[in-house]
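> Quick one: the structure is below, and I'll ask about it shortly.
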């Protein structure tokens, strides 16, 4: 679910997901997609592409199990679609952490009309 994604992002980055990434660049947040502005935005682009592969579950509402062990996200005992969703969320949270050093405050609330058409997944 969105709540689990936000929690993973907080655990990995130390940043509150909604204010930090909710409107970041062209790909972070609901419904947006465009040519990534930077590495952080590319994390979100890849995450949206990961979600597009999910056919039997809904990322916004369905919940999966995971745990936080030794500062590591461990996806739990889920059905195949929920497991894949958990792995998508885990990957974006780690990607955002790995790119914290290039997080650009100028992209925090980026006007979506300025986004150019995205590449295909």
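Just so you know, glycine gets a Cβ as well, placed from its N, Cα and C.
Quick paste of what Swiss-Prot says about this protein:
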type	residues	note
DISULFID	26-115	disulfide bond
DISULFID	28-44	disulfide bond
DISULFID	43-95	disulfide bond
DISULFID	49-121	disulfide bond
DISULFID	50-88	disulfide bond
DISULFID	57-81	disulfide bond
DISULFID	75-86	disulfide bond
SITE	105	site 'Important residue of the cationic membrane-docking site (MDoS)'
REGION	105-117	region 'Important for membrane-damaging activities in eukaryotes and bacteria'
SITE	108	site 'Important residue of the cationic membrane-docking site (MDoS)'
SITE	112	site 'Cationic membrane-docking site (MDoS)'
SITE	114	site 'Hydrophobic membrane-disruption site (MDiS)'
SITE	117	site 'Cationic membrane-docking site (MDoS)'
> If you skip the near sequence neighbours and keep only those at least six away, which residues in the chain come within under 8 angstroms of residue 95 (disulfide bond), Cβ to Cβ?
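Residues satisfying the criterion: 42, 43, 46, 47.
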> Measure the Cβ-based neighbour count of residue 114 (site 'Hydrophobic membrane-disruption site (MDiS)'), defined as the other Cβ atoms within 10 Å of its Cβ.
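Within a 10 Å radius of the Cβ of residue 114 (site 'Hydrophobic membrane-disruption site (MDiS)') lie 9 other Cβ atoms.
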> What recorded positions in the list 28, 108, 112 lie within 10 angstroms of residue 50 (disulfide bond), counting C-alpha atoms?
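Neighbours among recorded positions: none.
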> Any same-chain residues 6+ apart from residue 57 (disulfide bond) with CB under 8 Å of its CB? Would you list them in sequence order, or say none?
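Residues satisfying the criterion: 79, 81, 82, 85.
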> Express the distance between the Cα positions of residue 44 (disulfide bond) and residue 86 (disulfide bond) as a whole number of Å.
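Residue 44 (disulfide bond) to residue 86 (disulfide bond), Cα-Cα distance: 15 Å.
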> What subset of the recorded positions 28, 49, 114, 121 lies within 10 angstroms of residue 88 (disulfide bond), using C-alpha positions?
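For residue 88 (disulfide bond), the recorded positions whose Cα atoms are within 10 Å come to 49.
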> Please compare the disulfide-bonded residues 26, 50, 86 by how many other CB atoms fall within 10 Å of each one's CB, and tell me which has the fewest.
50
> Suppose we draw a 10 Å sphere around the Cβ of residue 108 (site 'Important residue of the cationic membrane-docking site (MDoS)'). How many other Cβ atoms does it contain, all chains included?
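Total other Cβ atoms inside 10 Å, all chains included: 16.
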> Quick one: DSSP breakdown of the region 'Important for membrane-damaging activities in eukaryotes and bacteria' (105-117) into helix, strand and coil?
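Taking the region 'Important for membrane-damaging activities in eukaryotes and bacteria' (105-117) as a whole: 6 helix, 0 strand, 7 coil.
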> Could you check which of the recorded positions (49, 112, 114, 121) sits closest to residue 26 (disulfide bond), going Cα to Cα?
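Given the candidates 49, 112, 114, 121, the nearest one is 112.
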> Taking the Cβ of residue 88 (disulfide bond) as centre, how many other Cβ atoms lie within 10 Å?
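A 10 Å sphere around the Cβ of residue 88 (disulfide bond) contains 22 other Cβ atoms.
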> Nearest to residue 121 (disulfide bond) by Cα, among 28, 75, 112, 114 (recorded positions)?
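Of all the candidates listed, 28 is nearest in space.
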